[in-house]
Amino acid sequence: MDTFQVIILALIQGLTEFLPISSSAHLILPAQLLGWEDQGLSFDVAVNTGSLFAVVIYFRHELWTMFNAWIASIFRGQQSEDSKLAWWIILATLPAVFFGFLAKDFIATHLRNAEVIAVTTVVFGLLLWWADKMSRRDLTVYQTGWRKALLIGFAQALALIPGTSRSGATMTAALMLGLSRDAAARFSFLMSVPVSLGAAILVGKDLAKSELPIDYQALILGTLISFVAAYACIHYFLKIISRMGMTPFVIYRLALGAVLCGFIFF
């Protein structure tokens, strides 16, 4: 990859990873528009690591508080709102781990194509609109509870289907279950940490076994750009949804789905 490709792909990853608009739908566009080849396993690890650093640093205070409370709940039996939230995040992670392990080969072989991504981009965009408009949206993140956390976790597992959007699916489920927009977004962001960390470790293990040459300059640049873009994305996304809701992202998803359909059928 040349420097221009690194910048564009890292920006796409950083800007779309935490927005409810599907990063996979965007990463397929350069291939469709410009004929770019797959960026490779090492670059995937780099840009995902940049996004992971962004969410960890942005929510560092919440994560540190949750971690300490979680440790206290294990070794001292002290339960608090933050320890419960930590356990709910862990519980919500399990469905994606389970179904990801079972279905990853099937998904990669049969579902990772432009047709599936176009359909899921539109369908789950409409579901996000419905959830945002019709749900009660009055619960805080500390009122999630284990049942709601598990259901949101199943939504995250559903997002293994390309084009669905992990953040889009989890926010849609959280809104349907009564969480406020801010709570739905924060729970989704916090859920991304164990999932992204686990994915980075698994892909990193595959990379360690690979004998392909590694362009370290491209990896460092991609990681930095992805980090900056993802950090800014989280910050401004929380501001946008507090003022305008999910409608701008629904409209964007529908437009993106139409563009993808145009490439497929015309």
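Using the three backbone atoms N, Cα and C, a Cβ is placed for every residue, glycine included.
According to Swiss-Prot, the feature transmembrane segment maps to 1-21 (among others), an assignment based on sequence analysis.
Swiss-Prot lists 39-59 (among others) with the feature transmembrane segment, giving sequence analysis as the kind of evidence.
For the transmembrane segment (87-107), the residues of the chain that approach it from at least six positions outside its boundaries are 66, 70, 73, 144-146, 149-150, 152-154, 156-157, 159-162, 187, 190-191, 193-195, 198, judged by C-beta separation under 8 angstroms. As annotated by Swiss-Prot, transmembrane segment applies to 87-107 (among others).
As annotated by Swiss-Prot, transmembrane segment applies to 114-134 (among others), with the evidence given as sequence analysis.
Long-range contacts of the transmembrane segment (149-169) within its own chain (CB-CB distance under 8 A, at least 6 residues past either end) are made by residues 17-25, 88-89, 91-96, 98-100, 103-104, 107, 111-113, 116-121, 124-125, 128, 177, 185, 187-189, 191-192, 195, 249, 253. For 149-169 (among others), the entry in Swiss-Prot reads transmembrane segment, with the evidence type sequence analysis.
Using a Cβ-Cβ cut-off under 8 Å and counting only residues 6 or more beyond its ends in the same chain, the transmembrane segment (183-203) has close neighbours at 17-18, 41, 44-45, 48-49, 51-52, 55-56, 58-59, 62-63, 66, 85, 89-90, 92-93, 96-97, 137, 139-141, 143-144, 149, 152-153, 156, 166-167, 170-171, 174-175, 234, 237-238, 241. If you look up Swiss-Prot, you'll see 183-203 (among others) marked as transmembrane segment.
Cβ atoms under 8 Å from those of the transmembrane segment (218-238) belong to residues 1, 3, 6-7, 9-11, 13-15, 17-19, 42-43, 45-51, 53-55, 57-58, 182, 185-186, 189 of the same chain, restricted to positions at least 6 beyond its ends. What Swiss-Prot records for 218-238 (among others) is transmembrane segment.
Per Swiss-Prot, the feature transmembrane segment maps to 246-266 (among others). Through the fold, the transmembrane segment (246-266) approaches residues 19-22, 25-26, 28-29, 32, 114-115, 117-119, 121-122, 124-126, 128-129, 131-132, 168, 171, 175, 181, 240 of its own chain, all at least 6 residues removed from its boundaries and within a Cβ separation under 8 Å.
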*asked:* Do any residues, 6 or more residues outside the transmembrane segment (39-59), come within under 8 Å Cβ-to-Cβ of it, and if so which ones?
replied: 1, 5-6, 9-10, 13-14, 17-18, 186, 189-190, 192-193, 196-197, 199-200, 203-204, 206-207, 210, 212, 214-215, 218-220, 222-231, 233-235
